[in-house]
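Some features that TrEMBL has for this protein:
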type	residues	note
DOMAIN	5-247	domain 'Nucleoside phosphorylase'
BINDING	S12, R54, H55, S87, A88, T189	phosphate binding site
SITE	S170	site 'Important for substrate specificity'
BINDING	M188, D212, Y213, D214	substrate binding site
SITE	V225	site 'Important for substrate specificity'
Amino acid sequence: MAEARIGIIGGSGLYKMDALKDVEEIQIDTPFGSPSDALILGSLEGTKVAFLARHGRNHTLLPSELPFRANIYAMKKLGVEYLISASAVGSLKAEVKPLDMVVPDQFIDRTKGRTSTFFGEGIVAHIAFGDPVCKNLANVLSEAIASLDLPDVSSHKDGTYVCMEGPAFSTKAESNLYRSWDATVIGMTNLPEAKLAREAEIAYATLALVTDYDCWHPDHDSVTVEMVVENLQRNAINAQKVILAAVQSLSKNPPVSDAHSALKYSILTPLDKAPTATKEKLRLLLQKYL
Ligand SMILES: CSC[C@H]1O[C@H](OP(=O)(O)O)[C@H](O)[C@@H]1O
Ligand SMILES: Nc1ncnc2[nH]cnc12
């Protein structure tokens, strides 16, 4: 199987990477079903990367329908060690404007019943998730933004991403509640991904691309898809520049990441006592520890 150390998951508006060369589409089967779409393997200025359109290339999957486990497992199968998520978000703070970029360091989970673990069926693991994002990978993203001159874009290092269930946007009461929690941005996808990436020992960080002020701002209309789409195109162009700069940095100086050994002290079940079928299903994640 072809390999890439760096993975990119493109969210709303980022369905492909224009600069990818020598592209190969790979249909990957996983014990958790099929990913959102074929993974696209290609070269970004000489560095091999794997790209996946989170909602499918034609945006056919709701946030609640995303096959998060299959997506992360497929990245792992290709050898991905660093995973960059590009995601559209609403802003919960006046100073974080549409077109700005945020590299969050925290998440709040407001999803409902999404499967966010590979474990179960006889193998119990509890990963540490106090720092849900790989700090070193997040720094690479922040430095990549800083290295570029992006008109009308301010960059915000750190911040809290509220992950809501959707697909409807928030009520004003909810939006103001999240503001009272000092949250920075809101989206519908990144938290299950971050958890599963950590279980798969993949360093994960988010490039959050602001499209709107959600519905709390007295001087701005409440978010609509039309409003989001208006900003997505410019965000997608900027995001590709940032990702390219980040990939170049990662290929020269791949940072250490605690995520790469996240399972070391997390598995409670003695693996010699665990069901063979589950060990086989999770072999890709567990092989270092078997
Ligand atoms: C099109 S607005 C709502 C939609 O956009 C974000 O998706 P992604 O994180 O994949 O960029 C948000 O989470 C919602 O899924
Ligand atoms: N306001 C918002 N709420 C949730 N997800 C979003 N994605 C983009 N804008 C959003």
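Using N, Cα and C of the backbone, Cβ positions are placed for all residues, glycine too.
All features noted in TrEMBL, drawn onto the structure.
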{"residue": "S12", "record": "phosphate binding site", "DSSP class": "coil"}
{"residue": "R54", "record": "phosphate binding site", "DSSP class": "coil"}
{"residue": "A88", "record": "phosphate binding site", "DSSP class": "strand"}
{"residue": "S170", "record": "site 'Important for substrate specificity'", "DSSP class": "coil"}
{"residue": "T189", "record": "phosphate binding site", "DSSP class": "coil"}
{"residue": "D212", "record": "substrate binding site", "DSSP class": "strand"}
{"residue": "V225", "record": "site 'Important for substrate specificity'", "DSSP class": "helix"}
Among A88, D212, Y213, the binding-site residues whose C-beta sits under 6 Å from ligand 2: A88, D212
Residue among recorded positions S87, S170, T189 with least C-beta crowding, 10 angstrom cut-off: S170
Sparsest-packed of the listed binding-site residues (R54, H55) - C-beta count within 10 angstroms: H55
Entries of S170, M188, Y213, D214, V225 which, being recorded positions, have CA atoms within 10 angstroms of S87 (phosphate binding site): M188
Cα-nearest neighbour of S12 (phosphate binding site) within the listed recorded positions, S170, Y213, V225: V225
Recorded positions close to ligand 1 - of S12, R54, S87, S170, M188, D214, only those whose C-beta is under 6 Å away: S12, R54, S87, M188
Spatial neighbours of S170 (site 'Important for substrate specificity') among the binding-site residues A88, T189, Y213 [C-alpha, 10 Å]: none
Span of S12, R54, H55, S87, A88, T189 around phosphate - largest C-alpha separation, Å: 12
In sequence order, the recorded positions (R54, H55, A88, V225) whose C-alpha falls within 10 A of M188 (substrate binding site): A88
10 Å Cα neighbourhood of D212 (substrate binding site): matching binding-site residues from R54, H55, T189: none
Listed in sequence order, residues not in S12, R54, H55, S87, A88, T189 with Cβ within 8 Å of the centre of the phosphate site Cβ atoms: G10, G11, G13, L14, P63, A86, G187, M188
Surrounding CB atoms that lie within 10 Å of the CB of Y213 (substrate binding site), all protein chains: 23
